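Enquirer: Following this message is one structure expressed as structure tokens.
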């Protein structure tokens with residue numbers, strides 16, 4: 001029988017000092033026999049996805065204490081990728097994931113907490129906490145802050161839905177008036193919550209639900225809706241029960257490594273492919289799997305990507321649907337239900353509810369259950385009012401979207417495409433693989449060939465795009481932006497957004513060892529591995545080199561002779577200590593970022609630390 005971790009600090013005469021300090025936090029004698037549960041919050045006023053979380057930690061804590069536990073709150077950092085975008089701040093985004101994971105480990109192990117409720121929401125916070133949860137392997141439930149309502153405004157007497165990416169594209173489009181650009185900017189992000197499309201934050205929150213670590217509705221129920229309160233309350237109550245099952249009944253099935261097993265990771269990735277999620281999810285799932293010592297690799301993702309259809313199309317891949325529409329169509333459980341009917345899921349998995357997949361879908365898939373409470377839950381919709389308050393409204397759609405032929409979520413036989421929304425490509429330009437979000441690629445661009453235009457920084461590429469120096473048919477190659485080479489693996493949302501604003505979104509390709517925002521669409525190929533700084537062939541590309549992309553056959557190729565490629569490699573190695581570094585880039589890199597770069601692996605390994613360098 002496992003012993004409560006917290007007993008290390010609450011029992012025994014030699015822990016008198018620790019108990020004295022616990023008493024100073026408000027604990028009493030009666031509390032020293034209860035489980036101590038960490039409420040891991042991520043409130044900050046810097047990030048709209050987290051600005052409303054301040055009081056939600058106390059909401060969870062109150063339920064923990066009412067159910068017989070002791071709640072102790074702490075906060076992690078949270079970087080807003082949108083605000084950090086387009087300047088040196090983006091270098092810090094991905095490295096913050098490792099800091100978040102480490103900080104959770106530090107706090108939970110230093111104070112011997114028994115379990116956790118993780119309150120996350122945005123891009124690197126959910127994966128950072130997930131990495132920590134699988135590293136620590138103590139009972140955990142995730143509950144996110146929820147998605148933002150889609151922006152809405154009238155243009156030419158037509159009501160349109162908007163999100164952050166629309167504001168960026170319009171702002172850079174010289175054909176758009178200042179007045180229209182400002183109108184869209186003001187309407188694009190109307191409420192608190194994670195940005196309203198299937199960007200990285202919402203993708204990851206959907207995946208925690210698919211992994212079984214979050215409650216049904218977590219990925220899609222709006223941040224502003226009153227119904228979301230119940231998720232926080234139930235998380236607080238249920239974590240106490242899970243904690244007691246593990247420590248008092250030796251039930252290891254409640255632990256995160258038991259729930260988020262390889263079969264669950266495959267289900268989560270299957271969901272991701274079916275809904276055309278952010279390519280960043282590939283990085284984060286690979287990283288989390290390594291923390292949990294789960295044998296889940298890019299090869300598994302490649303295998304799944306070849307058999308899973310595209311069942312749910314959401315912004316930025318279409319302007320028609322946002323997360324509020326996904327929720328109306330049944331949310332994550334609705335997509336999983338269609339995947340299950342298609343025979344594409346592993347059914348032998350469980351979740352924090354203690355239910356298997358079949359029983360979960362029987363209860364929570366709107367196509368299988370006519371339960372009034374369930375129907376009411378998934379009719380929760382937007383109010384269209386600007387607010388930063390959670391639970392601020394209780395509007396409901398008149399009816400659910402159960403149209404599986406032409407609705408937001410579709411059955412396999414009516415899929416948007418029989419090829420899924422993500423694909424792994426490989427070839428001499430990316431020997432260890434690269435990722436493309438096929439959900440956002442125009443069908444006419446699935447096979448593409450063009451001359452390379454090489455840039456050694458995102459900033460240099462943006463200058464060329466806005467300066468009119470990029471032409472239809474060009475293949476932009478942005479290198480030395482990988483985990484080590486950046487360092488920090490910047491997102492390339494600005495280059496892709498500016499290509500659209502210049503009318504080149506469907507006429508050019510972009511290849512990088514960096515990554516892309518979940519808001520990216522178009523022929524954008526990222527995570528090229530090995531990265532340039534690790535000796536990858538992307539470092540050897542020269543202006544004018546022909547590059548061939550064939551998504552249907554999963555191939556990417558630098559179309560030059562192998563002898564020429566070998567010669568260029570020898571020439572690069574001849575640079576000595578300057579080999580595999582940018583030739584002409586001025587970028588200030590802090591000591592903190594250099595420390596990250598010294599241990600970073602390429603994207604095919606999740607951009608995690610190289611354990612071999614740490615002796616394990």
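From the backbone N, Cα and C atoms, a Cβ is placed for every residue, glycine too.
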Enquirer: Which residue of 463, 481, 491 does Swiss-Prot report at the same Mg(2+) site as 81, 123, 124?
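Expert: The record-listed residue among the candidates is 491.
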Enquirer: Among the binding-site residues 81, 123, 491, which residue has the fewest other Cβ atoms within 10 Å of its own Cβ?
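Expert: Across 81, 123, 491, these binding-site residues, the one with fewest Cβ atoms within 10 Å is 81.
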Enquirer: Can you list, in sequence order, the residues of the same chain other than 81, 123, 124, 491 whose CB lies within 8 Å of the CB centroid of the Mg(2+) site?
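Expert: In sequence order, the nearby non-listed residues are 79, 84, 93, 94, 122, 200, 280, 517.
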Enquirer: Between the Cα atoms of residue 195 ([2Fe-2S] cluster binding site) and residue 124 (Mg(2+) binding site), what distance do you get, rounded to the nearest Å?
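Expert: So the Cα of residue 124 (Mg(2+) binding site) lies 14 Å away from that of residue 195 ([2Fe-2S] cluster binding site).
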Enquirer: Just to be sure I understand the packing, how many Cβ atoms besides its own are within 10 Å of the Cβ of residue 517 (active site, proton acceptor)?
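Expert: 31, counting other Cβ atoms within 10 Å of residue 517 (active site, proton acceptor).
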Enquirer: Find the shortest Cα-Cα separation between residue 122 ([2Fe-2S] cluster binding site) and the recorded positions 81, 491, 517, and name the residue that gives it.
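Expert: It is 81, whose Cα lies nearest.
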Enquirer: Provide, as an integer number of angstrom, the distance between the C-alpha atoms of residue 124 (Mg(2+) binding site) and residue 517 (active site, proton acceptor).
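Expert: Cα to Cα, residue 124 (Mg(2+) binding site) and residue 517 (active site, proton acceptor) are separated by 12 Å.
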Enquirer: Would you identify the secondary structure of residue 124 (Mg(2+) binding site) according to DSSP, in three states?
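Expert: Where residue 124 (Mg(2+) binding site) sits, the three-state DSSP reduction gives coil.
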Enquirer: Based on DSSP, name the secondary structure state of residue 81 (Mg(2+) binding site): helix, strand or coil.
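Expert: DSSP assigns residue 81 (Mg(2+) binding site) to helix.
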Enquirer: Roughly how many Å separate the Cα of residue 491 (Mg(2+) binding site) from that of residue 517 (active site, proton acceptor), to the nearest whole number?
Expert: 5
